[in-house]
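*Asks:* Structure below; questions to follow.
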């Protein structure tokens, strides 16, 4: 009970008195960081090693994501003929140079490319004209072809 009162009120009381008490809590300063966390020295070292490894993995994943984004930006710069950015190139090189885009991003780029190819075609240009009914044009073309085939068959029989 005394421990709980000391932990709850002790810090506030020290702040109030301005730590005039001198060295009454110096015994806690002698503990190592491992003992303060309730671990043995070996456990603490293993814990620190795991923390370092996890940090390295997170940094590697972060670098990979940055490189993927840089690859996407450079793709769009090439696509729209914008000037290249050296920071993007350096991010790609930091990740190992060969960066694959995630499936979703690659799918988006592929869809954009297909749409642009469709717009670049003659039918895509015709479809973009206002007041032009592409469906009726196709129907007329098919009926004309059908009429031509029938007239060609009649001539061939004679």
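The backbone N, Cα and C atoms fix where each Cβ goes, glycine too.
In case it helps, Swiss-Prot gives these features for our protein:
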REGION    13-47  region 'Disordered'
COMPBIAS  23-33  compositional bias 'Basic and acidic residues'
COILED    39-74  coiled coil
COMPBIAS  74-87  compositional bias 'Basic and acidic residues'
REGION    74-99  region 'Disordered'
MOD_RES   155  cysteine methyl ester
LIPID     155  S-farnesyl cysteine
*Asks:* Give me the DSSP three-state residue breakdown of the compositional bias 'Basic and acidic residues' (74-87), ordered helix, strand, coil.
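*Replies:* Output for the compositional bias 'Basic and acidic residues' (74-87) reads 8 helix, 0 strand, 6 coil.
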*Asks:* Over the coiled coil (39-74), work out the mean pLDDT and round it to an integer.
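*Replies:* Averaged over the coiled coil (39-74), per-residue pLDDT gives 92.
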